[in-house]
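Per TrEMBL, these features apply:
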TRANSMEM  27-53  transmembrane segment
DOMAIN    42-294  domain 'G-protein coupled receptors family 1 profile'
TRANSMEM  59-78  transmembrane segment
TRANSMEM  98-124  transmembrane segment
TRANSMEM  144-170  transmembrane segment
TRANSMEM  203-229  transmembrane segment
TRANSMEM  241-264  transmembrane segment
TRANSMEM  276-296  transmembrane segment
Amino acid sequence: MDSPGNATLPCGFLLQGFSEFPHLRPVLFLLLLAVHLATLGGNVLILVAVASVPSPRPMLFFLGQLSAIQLCYTLVVVPRSLADLAAPGLGRGSPISFLGCALQMQMFVALGGAECFLLATMAYDRYVAICHPLRYTAVVTPGLCARLALACCLGGMAVSVGLTVAVFHLPFCGSRLLAHFFCDITALLDLACTRSYADQLPLLGACLVLLLLPSLLILSSYGAIAAALRRLRSPGGRRKAASTCASHLAVTFLHYGCATFMYVRPKSSYSPRRDHMLALVYTNVTPLLYPLIYSLRNREITAAIRRVLGRGRQGQGLCDEP
């Protein structure tokens with residue numbers, strides 16, 4: 001058994017990746033590459049669309065931050081996975097240094113945590129807009145939006161640093177083979193030599209801060225929104241108010257559903273193959289769905305994207321003129 005001190009040796013870990021399916025590697029590479037490029041394109045388009053608006057409303061500002069988080073989120077995991085799939089002869093897995101693994105996990109948790117806090121912030125924005133429409137511009141000011149955006153990032157960063165330090169102080173033993181395609185928390189905890197429940201306390205604490213606390217704030221906001229909608233006499237006004245929350249609710253269910261299923265469970269229920277497949281969904285598919293959800297449901301985003309694409313076509317037309 002390795003001691004905690006030996007866990008910091010430069011040998012690092014081996015990411016198993018998709019080495020179990022050598023014949024599927026070309027297909028997986030092309031599929032993941034296509035999804036990755038579509039994800040990058042969709043989130044970059046939303047960022048450009050938000051930046052093209054001179055004075056974006058708070059919700060538009062938060063959507064831009066959400067796209068930036070998703071852009072970084074997928075860049076932390078997917079490029080290395082694509083490189084591993086494209087590299088021949090990796091044998092049992094792809095080597096990754098101890099520091100590189102810790103950094104990847106820390107950034108992954110930080111971005112996921114920032115998204116949790118941001119979704120709670122967006123729920124508060126919807127609460128003020130629907131329950132206190134006359135005070136909305138006075139309450140949700142550009143300065144408050146900037147402070148909330150910064151607090152989301154700093155909160156995710158603080159929790160991720162504490163969780164990373166706790167996980168990488170555990171003793172790791174055996175072959176150091178991570179049954180995953182990136183340095184995920186569950187795979188690292190499964191590789192740890194110790195089986196004490198105390199070792200899961202940092203993950204439990206992170207889940208309480210990143211999942212339970214924001215989810216309680218979201219539920220409180222939407223509870224107040226539901227009560228306000230019930231008081232509305234106009235069905236048209238009720239539908240219009242509810243439609244402004246539809247995109248946010250869809251993204252919230254996607255994010256919290258995957259995160260809760262992955263991390264809020266006992267260590268004994270860990271299944272490498274099942275977690276492998278679910279991780280493919282929440283690191284590749286959900287970041288692709290977010291731009292689709294908001295571009296289809298949010299009129300401001302749709303209008304901004306049309307303006308950006310319209311300017312692009314106009315610029316191309318001018319370049320094509322003799």
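Placement of Cβ uses the backbone N, Cα and C atoms for every residue, glycine included.
Predicted automatically and left uncurated, TrEMBL annotations should be read as such.
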For the domain 'G-protein coupled receptors family 1 profile' (42-294), the mean pLDDT of the predicted model: 85
Interface-richest range of 59-78, 144-170, 276-296 toward the transmembrane segment (241-264), CB pairs under 8 Å: 276-296
